[in-house]
Amino acid sequence: MKWEGLIKKYREFLPVTEHTPALTLMEGNTPLIPLEKISAKFDVEIHVKTEGTNPTGSFKDRGMVMAVAKAKEEGSNTVICASTGNTSAAAAAYAARAGMRAIIVIPNGKIALGKLAQAMMYGAEIVSIEGNFDEALKMVRKISETSPITLVNSVNPYRIEGQKTAAFEICDQLGKAPDILAIPVGNAGNITAYWKGFKEYHEKFNTGLPRMHGFEAEGAAAIVKKKVIEQPETVATAIRIGNPASWEKAAQARDESKGQIDFVTDAEILEAFQMLTREEGIFAEPASCASIAGIIKHRKSGQIPAGSTIAAVLTGNGLKDPQTAIEQVTKKPVVLPNDEKVVFDYIEGVVRA
Ligand code: F0G
């Protein structure tokens with residue numbers, strides 16, 4: 001059947017009325033790809049949900065299509081969000097599509113280049129503050145209370161509604177829920193959304209429930225360390241968040257599912273980043289790789305049993321953060337003169353090696 005976007009496909013599960021605009025950029029319906037080598041190496045069956053194939057390159061499109069459609073339905077003409085980058089790209093894109101204005105507040109210098117380029121191109125009003133995401137979120141929450149602007153961070157319940165559809169797709173793609181759902185955790189909206197989605201689908205189709213394994217970055221691991229991190233730091237800028245807005249809901253998802261929330265180090269994230277690209281041909285941004293790093297950690301510790309079926313969420317496309325990618329690779333492109341002999345000699349040397 002022709003794909004017509006999330007709102008049409010999952011209408012019965014979403015807060016859609018006859019007045020909800022038919023907004024879509026054909027988000028959703030993302031591939032679930034089995035990992036061959038990494039699965040074999042760690043004696044589990046891993047499938048990755050490649051959310052980087054969404055229209056703006058991250059899972060945020062699922063939530064944003066719903067949040068922007070509802071904002072439009074309610075008569076708003078401006079949306080606002082704080083963002084580590086992906087939310088702002090999605091908000092700007094869907095606002096453009098819906099003929100609305102987007103205002104975004106971002107931490108200066110801590111946004112991956114691709115995401116910034118997107119927000120600029122989609123025509124958002126961009127405010128870059130000398131502060132972090134948590135501080136930006138506090139500001140936009142406050143201003144949205146007193147101004148006629150719709151907040152589209154994941155504290156907006158429509159965001160969670162849209163994002164839960166990824167859990168539906170995983171159940172359909174696997175034929176049932178996986179044993180374990182591995183997912184990066186930043187502001188904790190997505191783990192909340194997936195758990196809601198798995199529960200609703202199970203209620204309707206008896207698809208089963210996974211254990212939720214969420215992974216924060218070590219330098220931003222508020223939930224794991226049970227304290228607000230005032231100055232979060234991590235190479236995975238998307239999850240550089242020290243006071244997650246959906247903290248309690250994430251803890252609830254963990255506890256209800258008999259799962260765990262743990263942290264992974266930047267070194268573990270970067271190792272998974274390279275492993276995914278080189279061994280599987282899949283390029284996901286660093287924050288996404290926290291899910292793979294976490295699986296490896298929990299396999300080594302025995303927190304994930306051998307033979308488990310695991311769905312890992314790869315939240316964003318690798319092209320979002322070209323800078324971090326290039327910095328990781330020691331083997332740089334070779335520059336040679338425009339001379340056939342020199343180039344051929346070099347290539348023949350590579351082939352022989
Ligand atoms: N992965 C990526 C690529 C993200 O952009 C985010 C969050 C997460 C994981 C974590 O998801 O916040 O629901 O726990 N990015 C937000 C943003 C904060 O502004 O783009 P979460």
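Please read every residue number as a count from 1 along the shown chain.
Glycine is treated like the rest: Cβ placed from N, Cα and C.
From a predicted model like this one, the values you see are computed outputs, not experimental measurements.
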Candidate from Asn29, Asn77, Asn86 that TrEMBL assigns to the same pyridoxal 5'-phosphate site as Gly186, Asn187, Ala188, Gly189, Asn190, Thr315: Asn86
PLDDT averaged over every residue in the domain 'Rhodanese' (79-122): 98
Nonlocal residues around Gly189 (pyridoxal 5'-phosphate binding site), in sequence order (Cβ under 8 Å, 6 or more apart): Gly63, Asn153, Ser154, Val155, Arg159, Ile160, Gln163, Ala245, Ser246
For Asn187 (pyridoxal 5'-phosphate binding site): intrachain residues, at least 6 apart, with Cβ closer than 8 Å: Phe133, Leu137, Asn153, Ser154, Ile241, Pro244, Ala245, Ser246
Asn187 (pyridoxal 5'-phosphate binding site) in three-state DSSP notation: coil
